[in-house]
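Engineer: Marked as substrate binding site by TrEMBL: Asn11, Met12, Asp13, Gly39, Lys40, Gly41, Asn42, Asn43, Glu139, Asp251. Marked as ATP binding site by TrEMBL: Asn183, Lys219, Met220, Gly221, Gly222, Asn223, Gly224, Gly250, Asp251. Per TrEMBL, K(+) binding site is recorded for Asp245, Val247, Lys282, Arg285, Gly287. As annotated by TrEMBL, active site, proton acceptor applies to Asp251.
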Amino acid sequence: MYDIIVMGSINMDVIVESYGLPKRGNNDLCKSIKTAAGGKGNNQAVSAARYGKKVCFIGCVGNDDSGRQLRENLRRRGVDDTYMLVKEGQNTGSCVAIIEPSGDNTMMGCDGANTSFGADDVSHILEQIDGKILLIQQETSKESVLAAMRIARAKGMYVILDPAPVTMINPEAFPYADLIVPNSNETRHITGIEVSDEKSALEAARKIHSMGVRNVIVKMGGNGCLLSQDEKTVFIPSLPVKAVDTVGAGDCFAGALANHLIDDMTDLESAVRFAQVVAGIKVSRFGGHDAIPALDEVKSVLSDLTV
């Protein structure tokens, strides 16, 4: 049995470190351009495996160099890729991320093989494997997401839904989630509420509860996050750091959250605090998977915060 099964997208990213977003029609220079493994599912799987849990990733790549490189990266970082599919005639997903001097990022991607992952594919794979947690986003087909969540719930798995991207949000999936972790933009799309502080986050969380989700974490980037479960609400501030690269921060958070929950499914607050520190350290440095901090560093920061 796996500790965590992550299902989702896997892309080859092109990261552009810019001096600022170019104006339409301009031909601007930038600081650097590099390629890196990406995709929300891929990022979350690597983050979940960073701290010693048994993690399996399921998703699709094309029969191309990018797909082979991405699978090798997963294996190198301790993620089992046994149940991934290679789709003939499809290109591996790709994404371009432009990072501004503030650390904020703007992205544009091509789904490629990701959206060819269907409900039948999911059913066939999940018949063969079991896990304690399913961590899932919505960058594969809507049918595959719904099928995976239904099967995982029937198997007694704890289901964490990252409802991204906003264009793929499907409220029909919400009742199958034990926990949902939207950012402020996704929260606004789901609830119609502009989230900017603890009060507005709580209002939005209550609305999401009414959609059938018991546990909600509303992420507000540098403004912290709100955990709402049953009658308990806790506001958890972000780590006070200078953000230089926010690409994959939410994915890093989700993977670390799932990892920590494996140790104690009843202590969601501790898992959120752990994930906040992991994501905070991640955004303070450049890099993709290599920027995910080691466990000793995370524990040291957590210890300082509790003094």
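Each Cβ is built from the backbone N, Cα and C atoms, and glycine gets one as well.
Because TrEMBL annotations are produced automatically, they should be read as predictions rather than curated entries.
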Engineer: Can you tell me the three-state DSSP label for Lys40 (substrate binding site)?
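Structural biologist: SS state of Lys40 (substrate binding site) = helix.
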Engineer: Rounded to an integer, what is the Cα-Cα distance in Å between Val247 (K(+) binding site) and Lys40 (substrate binding site)?
Structural biologist: 10
Engineer: Look at the binding-site residues Asp13, Glu139 and tell me which residue has the greatest number of other C-beta atoms within 10 angstroms of its C-beta.
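Structural biologist: Going through Asp13, Glu139 one by one, the largest Cβ count within 10 Å is at Glu139.
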Engineer: Reported as an integer number of Å, what is the Cα distance between Asp245 (K(+) binding site) and Glu139 (substrate binding site)?
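Structural biologist: It is 22 Å, counting Cα to Cα.
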Engineer: Take the Cβ of Asn11 (substrate binding site) and count every other Cβ within 10 Å, whichever protein chain it belongs to.
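Structural biologist: The answer is 31 other Cβ atoms.
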Engineer: Could you give the Cα-Cα distance between Lys282 (K(+) binding site) and Asn42 (substrate binding site), in whole Å?
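Structural biologist: Taking the Cα atoms only, Lys282 (K(+) binding site) lies 16 Å from Asn42 (substrate binding site).
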Engineer: According to DSSP, does Asn11 (substrate binding site) sit in a helix, a strand, or coil?
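Structural biologist: In the DSSP reduction, Asn11 (substrate binding site) maps to strand.
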Engineer: To the nearest whole angstrom, what is the C-alpha distance linking Asn183 (ATP binding site) and Asn11 (substrate binding site)?
Structural biologist: 21
Engineer: Have a look at the binding-site residues Lys40, Asn42, Arg285, Gly287 and say which one has the shortest Cα distance to Gly224 (ATP binding site).
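Structural biologist: Minimum Cα distance from Gly224 (ATP binding site) across Lys40, Asn42, Arg285, Gly287 lands on Arg285.
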Engineer: Far apart in sequence but close in space: which same-chain residues, 6 or more away, have a Cβ under 8 Å from Lys40 (substrate binding site)?
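Structural biologist: Long-range Cβ contacts: Gly8, Ser9, Gln137, Glu139, Asp162, Ala164, Gly250, Asp251.
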Engineer: List only the single closest residue to Gly222 (ATP binding site), chosen from the binding-site residues Asn11, Asp13, Asn42, Arg285, Gly287 by CA-CA distance.
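Structural biologist: So, of the listed binding-site residues, the one sitting closest to Gly222 (ATP binding site) is Arg285.
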Engineer: Excluding Asp245, Val247, Lys282, Arg285, Gly287, please set out which residues of the same chain place their CB within 8 Å of the center of the CB atoms of the K(+) site, keeping sequence order.
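Structural biologist: Residues close to the K(+) site, other than Asp245, Val247, Lys282, Arg285, Gly287: Val244, Thr246, Gly248, Ala249, Val283, Ser284, Phe286, Gly288, Ala291.
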Engineer: Which entry in the list of binding-site residues, Asp245, Asp251, has its Cβ near the fewest other Cβ atoms, using 10 Å as the limit?
Structural biologist: Asp245
Engineer: Looking only at Cβ atoms, how many others are within 10 Å of the one on Asn42 (substrate binding site)?
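Structural biologist: Taking all protein chains shown, Asn42 (substrate binding site) has 32 Cβ neighbours within 10 Å.
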Engineer: Give the sequence-ordered list of residues that share a chain with Gly287 (K(+) binding site), lie 6 or more positions from it, and have CB atoms under 8 Å from its CB.
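Structural biologist: Once residues fewer than 6 apart are set aside, Gly287 (K(+) binding site) is near Ala36, Asp245.
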